[in-house]
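Listed in TrEMBL for this protein:
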DOMAIN    40-351  domain 'Aminotransferase class I/classII large'
MOD_RES   K215  N6-(pyridoxal phosphate)lysine
Amino acid sequence: MNRAMDINQLVRQNVRELTPYQSARRIGGKGDVWLNANESAIALHFELTMQTLNRYPEPQPEQVIERYARYAGVRADQVIVSRGADEAIELLMRAFCEPGRDRIIYCPPTYGMYLVSAQTLGIGYKAIVQMNNWQLDLTAIEQNLTDTKLIYICSPNNPTGNVLNPDDIKTLLDMAWGSALVVVDEAYIEFAMEHSVVSWLANYPHLVILRTLSKAFSLAGLRCGFALANKPVIDVLQKVIAPYPLPTPVADIAAQALSKENLTKMTLQVVNLNKQKAHLITALKQFSLVDAIYPSYANYILVKFNDQGVFKYLWNQGIILRDQSKQPNLANCIRITIGSQAECDAVINALKTLNDQGN
Ligand code: PMP
């Protein structure tokens, strides 16, 4: 085997240009305080009730689907369960977008995977940057609807934390009627449940809602998400999903997480998280280093600092947050996940030291 071979030459052009998802864990962050990925600080413990793994899992585990449908207030035929909401983001593109012809619209600053999935699949994309108040630029979206099959919006939006104006979402749905699906990513909706658009499924055949157990349900390690839509859309997604997307132990735990008792627990945890969030905001407001803290309807806050060095300073202290400064209009902005009291206090104390140095 002495002949050289450049595997890269065999790789699809669009994939050659990609870099793997850049999580802080991957790039070697070393810290005690991880508040970079909007995970929950609450570690739940479940016992597996299944005993054996010699058979394939149910393709769409009935109990999980039924329990999620009941929880979300939809019918079971309006639910598909996926390997995290991330998989659902991509399934939609695989099912609805013709590579090389169709495109998606996404609205930065926002979650990164809409773009990554489009790039991976060789599907076109158009960024329509949000307006100053982080609402949709409907005029620009309307001007760019040609060849658009999917419009991804996110409410509460990651990383800005705001919810989208419901009238704007309605206008968008009317605009896209007959030509594109509108995908509302509600990964964080449990922190602002009254803002869900799930009840609109009755009126809009082209509305898709994405959900997950990774955030309020404290199960990021489980990799379990959902798409909610009317049956014709769900039927199409069934065509492109992997044969057995959810491992048996995952379905087992997801069903337990969706029991009545657990749903009550989850709701109480959201109340506690919102208290923790208020505590963090009150503390950060005192620092002259802080330019703005944006209103948050999620389990994180976006903070604008008047110093470029804050992210690196905290990183070096072992406090790993999410730098957002490369997103449009987010210079000097850092996203902080609401962690445990101890984790939030670590952020507050480190920032206090830095703030006092500057004064
Ligand atoms: N949508 C948004 C807005 C997110 O922030 C995330 C997770 N960071 C996801 C989807 C993906 O969630 P999951 O863990 O279910 O793949």
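Cβ coordinates come from backbone N, Cα and C, glycine included.
What TrEMBL says about a protein is an automatic prediction, not a curated fact.
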- Under a three-state DSSP reduction, the secondary structure at K215 (N6-(pyridoxal phosphate)lysine) is coil
- Item | Number of other Cβ atoms within 10 Å of the Cβ of K215 (N6-(pyridoxal phosphate)lysine) across all protein chains | 25
- Message: Mean pLDDT for the domain 'Aminotransferase class I/classII large' (40-351), rounded to an integer?
- Response: 97
